[in-house]
């Protein structure tokens with residue numbers, strides 16, 4: 001569960017401070033943190049560009065050894081089975097493009113629908129007046145307390161009864177309509193939109209529906225973007241639920257495919273080069289997505305629900 | 001014609017930031033003026049409510065019901081009363097797996113909370129760099145599956161860079177993920193690597209709410225950074241820290257992905273965390289009733305921990321004026 005909101009962070013004017021021993025230690029700690037954070041990314045790239053035989057001979061060489069794109073070719077299924085086995089792969093296919101498209105479909109479906117429907121509900125809770133509003137909202141909040149994992153087994157039974165097992169819609173469906181968090185999160189923002197703005201629109205003759213689309217959604221665009229990117233990342237990275245629901249290539253998403261690729265260990269040991277190439281390809285879309293929006297998101301991640 | 005609800009505004013389980021904002025009187029008065037938006041609200045709420053009832057409320061109730069049945073997916077569920085719970089209490093593997101899970105949570109949350117706090121404070125007191133904040137968040141963009149595979153490689157006994165460094169300084173190689181004692185701490189730390197940046201950013205956001213004047217004033221009085229941390233940062237961050245702690249503990253108990261891709265519960269059940277055992281019972285042995293009973297047990301444990309943490313840390317109260 002996440003709790004992030006978008007508010008503008010104050011940028012404090014930077015002042016020149018004296019370089020004390022304490023600050024040197026603090027900067028050293030910061031450098032160590034950055035190193036531990038980023039080193040695995042470099043090591044993925046370094047391994048993916050090496051050949052398996054060279055990796056075994058030079059395990060600690062900081063640069064790629066025996067530079068090759070063989071790992072990427074295996075991950076993308078571009079090599080013939082014989083070629084792959086000769087280079088230390090399992091020869092088991094990875095229909096990368098199929099899985100990529102599946103991941104995109106599932107994540108997009110979840111993100112777009114979940115946020116739109118949650119925003120509608122959030123608006124009803126924040127600005128519409130109707131009988132029982134507080135009680136229904138309290139029920140939604142109680143939903144926050146149920147760990148996702150608890151609903152997975154019964155939801156699987158339900159999806160099976162609906163005949164949606166091994167179907168992309170079956171993967172997306174449970175989180176497509178809302179999450180209590182998204183509703184709660186967006187309600188906060190709609191409540192903070194000044195009433196005057198809404199009343200001005202009402203005076204201009206706009207109806208409540210028009211206000212929702214023309215006033216509320218645009219005014220909450222930054223939090224919606226932040227929530228959207230985080231929802232997309234969560235959906236893209238989910239493994240447990242798609243693992244339960246999908247059985248074949250037709251509905252397999254990248255995370256599940258990757259775990260299967262890892263399990264197809266050749267006799268000679270792991271195909272580390274191919275595996276690292278595959279993880280890099282699987283992670284790249286999220287790195288790009290984040291890189292694209294990072295400026296708006298990181299500067300605005302903040303806390304909600306607490307004073 | 002609809003009339004606005006006359007019930008008092010609901011209290012939030014967390015925080016209570018809302019309570020102050022909803023003013024029932026004016027709302028009700030305005031509602032009478034406007035005449036209420038019952039029909040429109042129904043339309044706006046319909047999709048979310050459908051999702052809530054079908055995929056959250058119903059499964060929750062059904063999960064509890066299934067825990068009292070014998071159910072293998074193929075034939076209809078058969079009521080067996082408390083059988084599953086009796087079996088659970090007498091199942092040594094269940095208790096083992098609960099112990100392993102708790103061990104994992106203690107290491108994972110302990111290390112992660114201290115590290116996230118340190119990173120958040122460094123990001124606040126040392127530099128305000130947004131680039132650094134972006135960098136600490138990057139592991140969170142990976143899936144648990146990717147993080148698991150990458151560290152499986154980096155910690156490989158023969159070829160992993162981690163063990164190469166250990167060997168280079170003359171120590172014995174450590175079979176991190178293949179050894180009964182090392183496996184759980186290793187998995188716990190892999191997940192710290194992936195989640196610590198995100199946790200740090202949540203704490204950092206909490207730190208932003210502490211007025212800078214307090215630090216300036218303390219500095220004028222000659223207080224050291226260390227003293228300011230204990231006297232200003234910690235007391236004022238406490239409510240945020242408490243909520244973050246509750247969230248991360250709940251998340252931590254649900255560990256599955258990393259175990260599934262690195263150790264698959266082994267060696268010798270050493271990493272057979274509860275969620276992995278539940279998955280095996282349901283999808284390996286088709287004992288959905290028994291799996292549901294263990295899920296209910298996990299739910300009860302989590303609720304109890306949340307309640308205790310909430311009480312002990314006074315998460316709902318803020319000391320910030």
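Here the Cβ of each residue, glycine as well, is placed from N, Cα and C on the backbone.
The region 'Disordered' feature in TrEMBL is assigned to B:1-33.
According to TrEMBL, the compositional bias 'Basic and acidic residues' annotation covers B:20-33.
What TrEMBL lists as transmembrane segment is B:40-61 (among others).
Annotated domain 'ABC transmembrane type-1' per TrEMBL: B:98-309, in sequence order.
Marked as transmembrane segment by TrEMBL: B:104-123 (among others). Within its own chain, the transmembrane segment (B:104-123) has Cβ neighbours under 8 Å at 129, 132-133, 136, 184-185, 187-189, 191-192, 195-197, 199-201, 203-204, 206-207, 229, 233, 241, 244-245, 248-249, 252-253, 255, 273, counting only residues six or more beyond its boundaries.
As annotated by TrEMBL, transmembrane segment applies to B:135-154 (among others).
For the transmembrane segment (B:182-205), the residues of the chain that approach it from at least six positions outside its boundaries are 100, 103-104, 107-108, 111-113, 115-117, 119-120, 123-124, 133, 135-140, 142, 144, 147-148, 151, 155, 174-176, 237, 240-241, 244, 248, 251-252, 255, 258-259, 262-263, 266-267, 270-271, judged by C-beta separation under 8 angstroms. As annotated by TrEMBL, transmembrane segment applies to B:182-205 (among others).
The transmembrane segment annotation in TrEMBL covers B:236-256 (among others).
For the transmembrane segment (B:288-308), the residues of the chain that approach it from at least six positions outside its boundaries are 63-64, 66-73, 77, 80, 84-85, 87-88, 94, 98, 246, 249-250, 253, 274-275, 277-279, 281-282, judged by C-beta separation under 8 angstroms. Per TrEMBL, the feature transmembrane segment maps to B:288-308 (among others).
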Long-range neighbours of the transmembrane segment (B:135-154), counting only residues six or more past its ends (CB under 8 A): 119, 123, 160-162, 177, 186, 190-191, 193-198, 200-201, 257-258, 260-262
